[in-house]
Structure formats: structure tokens, C-alpha cells
Ligand SMILES: O=C(CO)[C@H](O)[C@H](O)COP(=O)(O)O
């Protein structure tokens, strides 16, 4: 089974949790896009759902495929969010933001009664941090914010390169008009402590650590999909 087939397997299993009438948060990334394609087929067969997209990219795909959308302003309380992740551990703490949508993803997940993560088994790690942590920052004071992040991380014994994300020649800009710093701190033994530190920095808009947000994760591997539950 190749990587794409595993993403489809996870998306298929997630679709089983979608019920008629649901208000759905719809994630961003290649795995979430497999989910959107399958959801669109069900919508074409008559399933009634209203989706709230976590990015402009997801919104475009949903509109193209006929998945009905509302904004989070119109639907501020959601039943379920289905989204991918860059990394997850057995407690279902996540690193997200590889696709640059972490802020909207976190706001949408927080507005949802449940969040199901869909991923292939290569994303499962013992300790978060193999994937560089995306940190969304305000463009104003970028250098000062970067230094503040370095100092905060160092207080927790975390060091490593912090790179400004680029899109070709340009600086990558999120849907909210912010920049992303990708922090290669290595393994993060205390993600909660790092989250608190990062939230205390004024220039940090949000970070990609999702702690206590996922209710379950559907992990696909060559043998099929299995579900991990949050403790
Ligand atoms: O957090 C995300 C986007 O901001 C994605 O969920 C994450 O990057 C996983 O993407 P993919 O399914 O393409 O591996």
C-alpha cells in the first residue's frame, strides 16, 4: 500500500463517523483532501452536511467538488472536525501546521465537540519533535519574536534552528496574513510547557502543538486502519 492509499484508508474510516445533519470542521492537507473527495461523493448521493473549512485551499476544493460550506461566523459550534497531522503521539498530542493552516485549524477544532485525526502510521512518534514545530507569528517584530522564541525554548532545554518559511522566492504568508517560523528543536519532552512559553510571547499568534484537542486518531498502515482514543 503506498502513501496515498494509506491516506485514503484513514479518510474512509473517518467518513464512517459523519452523520446526516452534521456541522463539520474540514481540515487542510493531503490527507484531509482525500477525506473531502470521499465526503463529496456522499454529498452527491444525498448526505446533508455543512462544512467549515480550515483554509482557503480546503474551501476551494470543497466548492469545486460540491461540498456545502459555511463560515465559522455562521456556524460557530461544530459537531466534528476531521483533520490531518504532521505528527502525533500515543496521548494524541499533535504537531500541525505543515500546510500552514494551523491557526484556523486550531480555532475550528476548538469549536468542535470532537476532533478526529487522520494520518498514516509514519506520523506516529513516541515523543513529538521529529517534525519541525510551525509557529505562526505576526510579521511586525519578526526578529524580536524569533529571539524571544529562542530564549523561551532554551529555558526548557530546547535549542535548534528556527527558519522563516518561504514559498519559492517569497515569504510564505498564512490565510491570516502572518508568517511561519519552523522550529527544529528536536524531541519535545514537555509539549505543554513549551505551549505555555510560546503563548506568553506577544508576537506569537499560535503554534502547531495541539494538546488535549483530538478525541481520537485513525491511523492507517499496510494492514488497514486502526483507531487510537485519547485517554
Ligand atoms: O496541519 C496541517 C496543515 O496545516 C496538515 O494537517 C498537516 O500538515 C498534514 O498534512 P498531510 O496530510 O498533507 O501530511
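Here the Cβ of each residue, glycine as well, is placed from N, Cα and C on the backbone.
In TrEMBL, annotation is done automatically, which means it is predicted and not curated.
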Same substrate site per TrEMBL - residue from 9, 48, 123 joining 28, 29, 30, 31, 83, 84, 85, 86, 96, 97, 98, 99: 123
Cβ-Cβ distance under 8 Å to residue 96 (substrate binding site), same chain, at least six residues away: 83, 84, 85, 86, 102, 105, 106, 134, 208, 210
Maximal Cα-Cα distance (Å) across residues annotated as binding substrate, namely 28, 29, 30, 31, 83, 84, 85, 86, 96, 97, 98, 99, 123: 16
Those binding-site residues in 30, 96, 98, 123 whose CB falls under 6 A of ligand 1, listed in sequence order: 30, 96, 98
Remaining residues near the recorded substrate site, that is with C-beta within 8 Å of the centroid of the site residues 28, 29, 30, 31, 83, 84, 85, 86, 96, 97, 98, 99, 123: 27, 32, 105, 119
